[in-house]
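Novice: I am attaching a structure below and will ask some questions about it afterwards.
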Amino acid sequence: MAAGALRGLPVAGGGESSESEDDGWEIGYLDRTSQKLKGLLPIEEKKEKFKKAMTIGDVSLVQELLDSGISVDSTFQYGWTPLMYAASVANAELVRVLLDRGANASFEKDKQSILITACSAHGSEELILKCVELLLSRNADPNVACRRLMTPIMYAARDGHTQVVALLVAHGAEVNTQDENGYTALTWAARQGHKNIVLKLLELGANKMLQTKDGKMPSEIAKRNKHHEIFNLLSFTLNPLEGKLQQLTKEDTICKILTTDSDREKDHIFSSYTAFGDLEVFLHGLGLEHMTDLLKERDITLRHLLTMREDEFTKNGITSKDQQKILAALKELQVEEIQFGELSEETKLEISGDEFLNFLLKLNKQCGHLITAVQNVITELPVNSQKITLEWASPRNFTSVCEELVNNVEDLSEEVCKLKDLIQKLQNERENDPTHIQLREEVSTWNSRILKRTAIAVCGFGFLLFICKLTFQRK
């Protein structure tokens, strides 16, 4: 076999190359005619054969050379050990053999651990997962960081390896650790556009509010890299299941993460009913209560539902009619941001009236949705505490949240009233200005009507929350 035929294979030392014949991983002609190596070859020749056997992945020859006296932790050029090289190419069989022969799974070279090397390897996720699992079984530290303060979970999240991320967390990896730039595993997944990783990390307790050194949250990183689906996902309200896996034991978490689809149908760790979660309220408000069981069986959260594509809807058994309702509701939820801070002073004074009116209309519609949601919850609440069959938290928790809601609604009502007074003041000044050309009466009437509706909706929402608060206090 010619030497040039195999030069495309990875080399140790992070892919650095060398034209020197003394390269630690140089691949030359491997003589297979003499494999009875017990003391017949000089030690240097054995080492050379060992390097070449490692490079081409010849497991049987590696074992034979180890039997002949080659050290399993011998270091080659760039200071890499055989185990580090095997991990870098995701050769799970070689990793297993070397570990069984006593190779050090915690070896580091220039702050580069073998576990980090495995998580950033070029190979299929299946092989990388096997290598990581083997290393973790030999007590490799899942939180060891490289020179850039990146941990194994960050590399796995960056490269899109969902199962590897989950396995690392199951063995104690910290989800919210930040690297030298302030990136977390969630930030890396958002940057690279790995939606499944983002969902898994949120489920495992990732904090989506942590900022990078330049003050960017994961959602902003996703938006900057044009991953709009992930941006919407991270911008949406909290997921009822967010962080639930953190409460499980290591064994339960591994079972949850690595089970097959058939196992999930038999063993629902999250099958217990969460009363009036975001998903239930959302579906109830759209008249889609019949979808609740279907979505729960498939472990689909509200966050996931609202970021689905059309093919995902169909794949999960959601009819086209129901799809249209969900998409219409999602469109209504997307209130466009008006970036006043990015506008010049002249532009601020001439901000589009249509945009401002559209903002008020959407705000009013949002208030209407909130009122409907609270009405539905009040309707579904049991009349007395004896009818509550499932375990609830202390009612004090509910009433305290209701009190905060009432306060927030009162604050919102106050701000809307200020806005209304300001607009009324501007309107009066314009009417009294002799140089002003009077607009059609219908426009001012319509604007006033919208503001009145918004104020009424806010006050009505506050009244409903007050009733809800009294209901909880009575119980």
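Every residue, even glycine, has its Cβ placed from backbone N, Cα and C.
Features from Swiss-Prot:
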REGION    1-25  region 'Disordered'
MOD_RES   Ser17  phosphoserine
MOD_RES   Ser18  phosphoserine
MOD_RES   Ser20  phosphoserine
REPEAT    45-74  repeat 'ANK 1'
REPEAT    78-107  repeat 'ANK 2'
REPEAT    110-144  repeat 'ANK 3'
REPEAT    148-177  repeat 'ANK 4'
REPEAT    181-210  repeat 'ANK 5'
REPEAT    214-243  repeat 'ANK 6'
DOMAIN    272-334  domain 'SAM'
Novice: Is it possible to list how many residues within the repeat 'ANK 2' (78-107) are helical, extended or coil according to DSSP?
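Specialist: Going by DSSP assignments, the repeat 'ANK 2' (78-107) contains 18 helix, 0 strand, 12 coil.
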Novice: What mean pLDDT score does the repeat 'ANK 3' (110-144) have in the model?
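Specialist: Summing pLDDT over the repeat 'ANK 3' (110-144) and dividing by its length gives 90.
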Novice: Grab the same-chain neighbours of the repeat 'ANK 4' (148-177) for me: Cβ-Cβ under 8 Å, and only residues 6 or more beyond its ends, written as numbers and ranges.
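Specialist: Answer is 113, 115-116, 118-120, 125, 128-129, 132-133, 136, 142, 183-186, 188-189, 191-192, 194, 196-197, 200-201, 204-207, 210, 245, 250, 253-254, 257-258.
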Novice: For the repeat 'ANK 3' (110-144), how many residues does DSSP put in helix, in strand and in coil?
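Specialist: The composition, in the requested order, is 19 helix, 2 strand, 14 coil.
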